[in-house]
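The transmembrane segment annotation in TrEMBL covers B:6-24, B:68-89, B:109-129, B:150-169, B:219-237. Annotated domain '4Fe-4S ferredoxin-type' per TrEMBL: B:307-337, B:371-402, in sequence order.
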Amino acid sequence: MSETLKVPTMAEYMAQGKSPEVLFWVGCAGSFDDRAKKITKAFARILNKANVDFAVLGAEESCTGDPAKRAGNEFLFQMQAVTNIEVLNGYDIKKIVTACPHCFNTLKNEYPSLGGNYDVVHHTQFLKSLLDDGRLTVEGGKFKGKRITFHDPCYLGRANGVYEAPRDLLRKLDVELVEMRKCKTNGLCCGAGGAQMFKEPEPGNKDVNIERTEQALEVKPDVIAAGCPFCNTMMTDGIKGKEKEDSIEVMDIAEMIASAEEL
Amino acid sequence: MQYIPNIVFIIALILGVGFFAKNVKKLLRNINLGRDIDRSDNKPARWKNMAKIALGQYKMVKRPVSGIIHVIVYLGFIIINIEVLEIIIDGIFGTHRIFSFLGGFYDFLIGTFEIFAALVFVGVVIFWIRRNVMNIKRFMAREMTSWPKLDANLILYFEMVLMGLFLTMNAADLQLQIQGADHYASTTGEIMGAFPISQYIAPLFEGMSTSSLVILERAAWWLHILGILVFLNYLYYSKHLHILLAFPNTWYAKLKPQGEFTNVEAVTKEVMLMMDPDADPFAAPPEDEAEGEPEKFGASDVMDLNWVQLMNSYSCTECGRCTSECPANQTGKLLSPRKIMMDTRDRLETVGKNIDANKGVFIPDGKQLLDDYITKEELWACTTCNACVEACPIGIDPLSIIMEMRRYMVMEESSAPTDLNNAMTNIENNGAPWPFNQMDRGNWISEN
Ligand code: SF4
Ligand code: SF4
């Protein structure tokens, strides 16, 4: 970890008259949330290791508008989208990778009809393609044989039908992959989606993340693997609520790969 | 005199089908109260969806117990309806088992009908037990009391009675054939049809005279066909409309990724205008918007929803698979996607009756779908996780209705919860839902 991260911005690329292979869309959580920043850095380290020519927007990036849209504020969403599209098209961006399924879904599905057409992939899909192309190799390392369960993010799984890329990566880590009772198409939400992250839950008898954490605990995992910064927060809180933080970790798949490779 | 039964039958048939047609007309009128939406793209995929989900019951069997029983009842329903065709022809012309000339194939058909009738009977009894004895959570929810509960049971009783009548009719018929009764027995004395089930009922009638058997057979025959006509007309008032609407419902279902929500076009126009540096803010609105009020954003009542959403509400079987997968509902929140569909239908029915009573125009009744049927608390509990959409066996999208209503609450009423308003203000001012400066977005790169 002694090496410093090489994370150029699009502006820097532009100044040199170059364009990167892929834009890394960091997202609000990835930029500002302390827990999510670790995921962002882990992913950037892997990109550095695999010599991926990438850039970020830095201060030119702004919220995709996903929470506004799911809250019903179509105006704010479209204002955000149109502003972002102007920046992205200004840099002639073709391909985007993001570690946030909400950004992924919005950029991929909801930007095209507003003039933003890009090839958008989730970071688990991107990492999988790096492995498939031989640009990155991973070995089990410290996760070999560990019991891992993957929590499907709604906006990656059901919303976009991506179930296998994250699981393929876990298999590459030689883990013992165990599925929760509710997984893949039937996966249970962590409770953060639909702008719930930014408000108090309605009255009920339990929080959604606790329900989901209980389902995860049923399969007795060593690590709960996540693919979304919001799921990560929710599951981490759930594990803390169950006082299991000493025995069970909640990790993003990018963090697991970075850690297995001792990056 | 001898034609009286034929005439009575034809009148019953015309009345039954006529009333049904009238209800269908009303149904279409109500569905068309919704906004327009174009769902005619990609027809091959739509046919495929319909074949797989409605015809093939692909999603039903994801829950194997109820799924497989449902497939049996569904197959039985379709197959036994072939027999109804013979019943209708016999009824009109006063014939007896008009298709019996098919010989061995006829035996095979009747035999199959009988087996299915018995299977349906058993299946329906199991359904009844599941609904009334087994305390299955999704049948016990707060929206499943009074009429919805009664409706579900009535259908089961209906089917039990219809299947019972069908088998009784066959058993009496068989006994009459054995006794060589006029009109029933064939000239050759050969038994027409095969009766794998009712042959066990027939012996019960052995001691009966031919004339009482005829009365029994006729009574069962009449009740069976009249029952079917009543059932047909009951559909409109019942969740059982799904047996017809499941087909268009799956055909018109959303094909895009579940996570893709519509971009509201009216908003796009305004946003583009705001972003366009050359736009004249005082310019007259374009032609097509020149008259009438500006378009309302989102939905506060059923007329603001699109017609597919309204059709969805009539198609809902109230099975509760959506609700049992809903994270909000599972954790005790008020939200139930099934209730969203049921409320939409109830409101639409009320609006329809209002229109009928007021010579074709809707007179505002001081009520609307939002608040009077579906509360804000329900709507704000949704995580937009799409579990309900995925679970629905007939392709209903409750989430799209929730989203339209949220749009109304935020864009027309500004009634979002305070925390959410704060997050949205942050997005507007500094490009993130939290109060961080956009200029600091790249700080993580150099932090340790
Ligand atoms: S999308 Fe909303 S209503 Fe549907 S299951 Fe998820 S939380 Fe429940
Ligand atoms: S919306 Fe679909 S899943 Fe939900 S109750 Fe109606 S038919 Fe069942």
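We count from 1, first residue shown onward.
Including glycine, each Cβ sits where the backbone N, Cα and C put it.
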DSSP-derived helix, strand and coil totals, residue by residue, for the domain '4Fe-4S ferredoxin-type' (B:371-402): 17 helix, 1 strand, 14 coil
Confidence summary (mean pLDDT) of the domain '4Fe-4S ferredoxin-type' (B:307-337): 95
DSSP-assigned states of the domain '4Fe-4S ferredoxin-type' (B:307-337) in counts, ordered helix, strand, coil: 19 helix, 0 strand, 12 coil
